[in-house]
Amino acid sequence: MGTGSFDRRASRSTRSVSNGTASSTHAHCAWLKMWHRLSNPFIWLNQRQSSLASKGLKALTSAHRLHASGAEPSCSYDGGLYPGHIQTTPFQKALLAVGSGVAALQDPYRHDMVAVLGETTGHLALINLRDRMQNDPEGYTILTERPRIRLSTLDLEKMASLPDGSFGREYLRFLEENKVTPDSRAEVKFVDDEELAYIMLRYREVHDLLHTLLGMPTNMLGEVAVKWFEAAQTGLPMCALGAVLGPLRLNASRLQTLVTSLGPWALQNGSRARCVLSIFYERRWEQSLEELRRELNIEPPPVIPSASKKTGA
């Protein structure tokens, strides 16, 4: 074979590889977009919690980082109702609800899975909560101003200077003793209404405040008691599921405490209390905890569980 013929074949091969590479890059980009938007948003959200991601998802880490960084604009999401929104069909929401429900049952501290479950099952409850907030002057103000409870919005020095028994000081004490932060709450992604998405976000950011109001630690018994309160208060299916399945992880002694004491107290106070999302807590730090409880029609807990986080504790 002549050298000229070989050169022509090599040239064609080079062009073919070049075209194939460009085509492959384009197809890969399209695949990433389809993967994130349609095929598996459940896995995409799971990767967001990198410290909790399973080994089976490590192969997708680079793809997630590419999307999150926006390095290739042609692969980015567009048309969302709010930043981070992922549009899903009813069928996809059902799949997400089942998958996240199973994962949350296996590990109730998988807050990312609990978040997905709440977003994909809570539409009607969120509408009811919006109506209650709109009919409350303070709740309406919250919907209008859209406050956030984040470390960047909290004056920690001022809260630390408040007297013991004040709501702000007790909330700060709760954060310190349980080593939690309001910044750990996941952003909303699967709620297909911008205002309802904010209400879901507000519910998440208020959750630790409810622990303070109810005097509950963050161990399993405390979390289940708060879930019983939230189920009666909000009607969110996620809370009801947690209230039903959470007790299965308690030992006999803690289960008895829940059934005979904390459970009835939480259900009674959750059903009769003022809408807890209609309180502008950021303006109540100086108010005494007891006074705020009376205003919300919440009784002090009959017993306070120990702060141990062991299973069943």
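Backbone N, Cα and C atoms are what each Cβ position is placed from, and that goes for glycine too.
Keep in mind that TrEMBL annotations are predicted by a computer and have not been checked by a curator.
Listed in TrEMBL:
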type: COMPBIAS; residues: 1-10; note: compositional bias 'Basic and acidic residues'
type: REGION; residues: 1-22; note: region 'Disordered'
type: COMPBIAS; residues: 13-22; note: compositional bias 'Polar residues'
type: BINDING; residues: HIS207, ASP208, HIS211, GLU223; note: Zn(2+) binding site
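Distribution of TrEMBL features across the structure.
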| residue | record | contacts (Cβ under 8 Å, 6+ apart) |
| --- | --- | --- |
| HIS207 | Zn(2+) binding site | ARG185, VAL226, GLU230 |
| ASP208 | Zn(2+) binding site | TYR171, PHE174, LEU175, VAL180, PRO182 |
| HIS211 | Zn(2+) binding site | PHE174, ASN178, PRO217, THR218, GLY222, VAL226 |
| GLU223 | Zn(2+) binding site | PRO108, MET216, GLY242, GLY246 |
